[in-house]
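A.B. asks: Starting off with a structure, shown below.
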Amino acid sequence: MEQQRTEATESLLVRQGNDNLVYNEENGGLGDGGSVAVSDVTTILGLSTFVAACISFGSGCAVGYSSPTESSIVEDLGLSVAEFSVFGSILSIGALLGSAVSGKITDLLGRKLTMWILNLFYIGGWLAIAFTKSPWLLDLGRLSLGFTIGTFTYLMPVYISEITTKSVRGRFSVIPSLTFGWGISFMYVVGSFVSWRTLALIATIPGLLQLLPLFFIPESPRWVAKVGRDKELEDVLLCLRGNKADIFNEAAEIKDYVESLKSFSKEGILEIFQKKYVRPLLTVVGMIILMNLGGANAFAFYSGVIFVSAGNTIVGAKCNK
């Protein structure tokens, strides 16, 4: 493995054309022939994170949309309570479908191309809701949004973890979670002042903000290494870390990681079902199940009517006294 690491680093040095950079076998790094330290935060990394934040904010908008708009949608389109319940809950069905295929899609198409395609689904879903005159198109738009959320929930943590360095990975990874909550809150606040069609058009803004940055952000370095595009791996790392950064050790580590994945057999996944992993596996699965059975999604989808009903109940109880 160490020999493969050395060969990979030397080949990168040759392709870069830096004759004054010398690989040092004693410290596993480069000599001081002109390279600089890797920058943890660069403009491109910030731009890439901004795209991820927009995606998460938009996902939060989709989750929070149904709460402030229920009464107006039901009135304008003549929906029954059951029909609006389908509209609200079909987001979860779309998310389930997106989650089921997210891994295959992102590995097949790459992280960046997947973002492009899902962004079209996102914008199209909101436009379908904004201009609909029939319940089926309303549900179709909501289903499209759910599919994007389910896929993005997998894609965004993976993409951020693959483009950041170890020292800042945790801090950058928390950004999508924060912006997701902000998106829900944004819908609750703004939805109290505008119509449901206008709110749907406003919700397209996070998707539109991504369009220009998507031209400039790089592909995931681990994915380009996985598909064998070694020269592009070097270019991506230089883009993320700085043009003069010492990226050769990181490139070699990524190559080692990719090789270890190739040698990992499909049967190896079954190892998590060994007896020694039963307790942590049940803990993780149990927490996820309890979190969803706790009604977090139902509360987010229908918080408006829940608070109104709770208020009416309290007023009724006081009157009875």
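Each Cβ is built from the backbone N, Cα and C atoms, and glycine gets one as well.
As the structure is a computational prediction, the values presented were derived from the model and not from experiment.
Quick paste from TrEMBL:
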type	residues	note
TRANSMEM	44-65	transmembrane segment
DOMAIN	48-321	domain 'Major facilitator superfamily (MFS) profile'
TRANSMEM	77-101	transmembrane segment
TRANSMEM	113-131	transmembrane segment
TRANSMEM	143-160	transmembrane segment
TRANSMEM	172-190	transmembrane segment
TRANSMEM	196-217	transmembrane segment
TRANSMEM	281-302	transmembrane segment
A.B. asks: Among 44-65, 143-160, 196-217, 281-302, point out the range having the most Cβ pairs under 8 angstroms from the transmembrane segment (172-190).
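C.D. replies: Most contacts with the transmembrane segment (172-190): 44-65.
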A.B. asks: Any chance the transmembrane segment (196-217) and the transmembrane segment (113-131) are in contact, meaning at least three CB pairs closer than 8 A with a sequence separation of 6+?
C.D. replies: yes
A.B. asks: Does the transmembrane segment (77-101) come close to the transmembrane segment (113-131), meaning at least 3 CB pairs under 8 Å for residues 6 or more apart?
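C.D. replies: Taking Cβ pairs at least 6 residues apart, the transmembrane segment (77-101) and the transmembrane segment (113-131) are not in contact, as fewer than 3 fall under 8 Å.
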A.B. asks: Could you pull out which residues elsewhere in the chain have a CB under 8 Å from any CB of the transmembrane segment (143-160), counting only those six or more residues past its ends?
C.D. replies: 48-49, 52, 55-56, 58-59, 62-63, 90-103, 105-106, 111, 114-115, 118-119, 121-122, 124-126, 128, 169, 172-173, 175-176, 220
